[in-house]
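Below is one structure, written out as structure tokens, with a few remarks after it.
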Amino acid sequence: MLTAQFLYGGAGLVLFALGLWSFLVHEPLLRKIIALNITGAGVFHVLIAIAYRGDVAPPDPVPHALVLTGIVVAVSATALALMLGARLQDAEEEDRRR
Amino acid sequence: MTDPLVLCIALPLVGAMLVTALPRWSVRLGIVSALATAGAAVALTAAVWQQGTLHLILGGWDAQLAIALRADGLATALVLMANLVGLGISVYATGYFHDRLRVRSFWPLWLLLWAALNGLFLAGDLFNLYVMLELLGIAAAALGALTGNRDAVAANLRYLLVGLLGSISYLLGVALLYTAHGTLDLGLLAQRIAAAPELFAVNAAAMALMVAGLALKAALFPLHFWLPPAHANAPAPVSAALSALVVKAAFYLILRLWLDLFWPITGMAAAMLPALLGAVAVLWGSWRALRAERLKLLAAYSTVAQIGYLFLFLPLLTATPPGPARDDLLAALLLMAVTHGFAKAGFFLAAGLVQTNAGHDRIDDLGGTAQRLPATTFAIALSGSALIGLPPSGSFIGKWLLMQGAIATGQWWWVIVVTTGSLLASAYVFRVLSRAFGLEPTPLKFITDARAEVPALTLALISVAVLGLASGPLWTLLGLSAAGSGTGGGV
Amino acid sequence: MSQLTLLIVFDGVLLVTLLALGFAAVLSPEPRRAVMLFIAFGLWLSLVWARLKAPDVALAEAAIGAGLGGALMLAAARRAARSSARTDGGDET
Amino acid sequence: MTSMTRARRAARSAERNRDLSLLVAVLLALLGAALTVVYFMALQAGAAPRLADLAYERLPGTGVQNPVTAVLLNYRAYDTLMELAVLLAALLGIWSLGPAAPGFQRSGAVLAGMVSWVVPLLIVTGGYLLWVGGYAPGGAFQAGALLGAAGVIVRLAGDPRAGLPGEAAQRWLLVAGVLVFTLVGLGLMVFGAGFLTYPPKIAKWLILAIEMAATVAIGVALAAAYVGGRPPGPQARPTAEDEDALSATEPAAENTPAPSP
């Protein structure tokens, strides 16, 4: 085990807890989405940290590929959630105007 | 060489692409894809029936490096159920959507959802399961919001966010397992977890993260809060898919992890927690269903309860030593899941018909429905009796074996839960039926819509008659899978 | 030895900045500011990943996570600001 | 009066929320600490090389030299295929919500000037990344992201469609990634190699073909997601009307029949 793996991975876990906290306590949609993205980034960070194998050995490519996949999934979900939120906002404004 | 294992996933995927690219033909292409996919599922079932568990490593690489697909009895039974229900939903949907935008949005998303379901049931790799979960969650939320009204969008936005949280939690568990064991393949991981009892803390933490994330998606009490509004406000065919299939996929994954992966580290204490929550879900969900004012909301709360029953099996499976008694329990669990799939899909499809014909689904104002929509009311009655667990239905046998197992393992208190839940279920089903048969002055006008009524009625009939009277093959399918991995025997 | 210390300091600065940006993004109540901080967080994250010898992922995170995700969020923040301005105006009449 | 009570109620609920969020924070700090301990134990478990060594060992047979590309498009190609489906599902979900809202003001001359050289640069860089992904950092995702970014810039510069073609063509471009990927996989299966099992001799070219289709699909999907709704079709909405919708930016909402005092 490398110290760097532990340090960077630990930071990822902090980000996971931080995002989770923000998701649970903050109400506005945009803040929830940012929180989810930070939670996800925390998990990705753990994966990148365990892939790192020091200066000499090349890194493990499998977690890298997993994170790449995860990034695209995260942005897809973010886009859909934001647009659903926009739709909801429009509907609420319409209701209020009535 | 063609492999039904692959076709079950690739066909709906190709179908979704064609439907997306050629929106003008979406209904025709969609129904062809649905038929082809269901055909592949039948072929898969036949193959598993003859050969036992199927296993395929994609790409021809070493098992660790590549992704495996596999179909054992448990997965195959659920695939067959999901695909038959899916076919019914597809036929129903051809007549349900009229707005061009809805038609063109429904088919590609529905086929993607279908591909994700089959992919999830057949996956043998933890990270691939994550991707499938995300595809399932995104497609399901998008479909649920299809009506575009405010309540539906709000409920499904919440569903999407909750689902994302669940999958992130699951993914952290996967990351921990990969860190400790260096593989993502379910089979290999099971061996390594069993071989490393000293890593109990790591495995238990990973399990807690994964199961908690999935319980959120499976709507286990008290994490069910998102389900009733999301399922009640979706268009009827989508409600059917969400309640009958999507929630069940999350439960299936919990079961898979529990039985295959974490079996060495799950004791009685670990199994008791989800079972207790499941018991509360049975009582709470049934009670809320009884109090629901709308038919679709009733069905949604009933799903919360029915998922609860499935969790009751965990401590029984833990307490029963391997052997015929445990096999019976597993088959009963499967029977209840499959029966609920057919029954709930039939119920929602029928409820959708009631809603489109009456313009509402308020239970108190359903008077005369039986006269106007006799076939639909019959479908509600049939699927309702399967939800209660009345005799010829599959869930009757399931509940019977569940109670037998509870008594055999000395956990008699589950019997009380099951009986109370069934009584509440009969109360809510009869409440609907008594309103529907209400002798109010009604214009005697028969409405028949074969495209919508036949699927609802067929699914309901399967849940009551076919699964109850001919549940034997399910045992064979499960037995075959056990023989395939164990002694290697045939039929 | 001194090189090692330097590396640890370097890692420490990278991580502390990353966490600080994460906290700032999560704690900022003003939408546009929160998104800006989130984009900064994503870009910094890609820097950290480049340090961990993951250039492919760093590139993708900078372009997709921080870039496109940030652009989507900025548009949403703008929409939210516009709508809240509109409803405030409505309350006055 | 009403605003007073509203403010008081808001203050009270804010206080309650603060207590609750503190409690959640404490619980999650405990969770984080526990996870850190568990993570430490997992690192020490000694699974050290994990899949790394095997992935490098098999690299010569994959048709690419970049190990990450090898994982993405060969060892675990099936994941990548499904991930493209995820992106498509999200976009279809966005489209199901209706047509894109116009609401962009025309940009100034500076941005318009910038577009004329930034966009070609992004596209060329994208192509370069795609090609280079076989043996160096880069690949379909990064290239697709750059194409998407080019679309975002074009949209910011005032094109309501973000430089994308009409809906019919857009649909084909969107499905290109998954369709080519699946058809290559199925084709290989029919010819006996197995689903997504590339014969080493042609692996490089198959991967390149898949990557090209995937790049286009990812780029179009990301740009279309930024547009945020179904593209304004040429027949559904004539260009002149488009222009109107575009020039009426902020006060568009006030134009709807609302009782004005």
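Note that Cβ sites are derived from N, Cα and C of the backbone, with glycine treated the same way.
Features as listed in TrEMBL:
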TRANSMEM  B:31-49  transmembrane segment
TRANSMEM  B:77-94  transmembrane segment
TRANSMEM  B:106-123  transmembrane segment
DOMAIN    B:123-424  domain 'NADH:quinone oxidoreductase/Mrp antiporter transmembrane'
TRANSMEM  B:129-147  transmembrane segment
TRANSMEM  B:159-180  transmembrane segment
TRANSMEM  B:200-227  transmembrane segment
TRANSMEM  B:234-255  transmembrane segment
TRANSMEM  B:261-285  transmembrane segment
TRANSMEM  B:297-317  transmembrane segment
TRANSMEM  B:329-354  transmembrane segment
TRANSMEM  B:375-392  transmembrane segment
TRANSMEM  B:454-475  transmembrane segment
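Only sequence-distant pairs (6 or more apart) were considered; of these, fewer than three Cβ pairs between the transmembrane segment (B:129-147) and the transmembrane segment (B:31-49) are under 8 A, so the stretches are not in contact. Within the chain carrying the transmembrane segment (B:159-180), a Cβ under 8 angstroms from the stretch's Cβ atoms is held by residues 126-127, 129-130, 133-134, 137-138, 140-141, 144, 189, 193, 196, 199, 202-203, 205-210, 212-217, 226-227, 230, 250, all 6 or more beyond its ends.
Distant neighbours of the transmembrane segment (B:329-354): 74, 77-78, 81-82, 84-85, 88-89, 92, 96, 235-237, 239-241, 243-245, 248, 251-252, 255, 295-296, 299, 302-303, 306, 309-310, 313, 316-317, 320, 361, 366, 369, 373, 376-377, 379-380, 382-384, 386-387, 393-395, 397-402, 405, 449, 452-453, 455-464, 467-468, 471, 474-475, 478; these residues of the same chain sit at least 6 beyond its ends, with a Cβ under 8 Å from one of its Cβ atoms. If you look at the transmembrane segment (B:200-227) against the transmembrane segment (B:261-285), you find at least three C-beta pairs under 8 angstroms, all six or more positions apart, and that counts as contact. Counting Cβ pairs under 8 Å that are 6 or more residues apart, the transmembrane segment (B:234-255) and the transmembrane segment (B:454-475) reach fewer than 3 and are not in contact.
When Cβ-Cβ distances below 8 Å are used as the criterion, the transmembrane segment (B:106-123) is approached by residues 5, 8-9, 12-13, 15-17, 19-20, 26-27, 29-30, 33-34, 37, 41, 67, 69-71, 75, 78-79, 82-83, 86, 89-90, 93, 97, 129, 132-133, 135-136, 139-140, 142-143, 146, 235, 237-238, 241, 245-246, 249, 252-253 of the same chain, each at least six residues removed from its ends.
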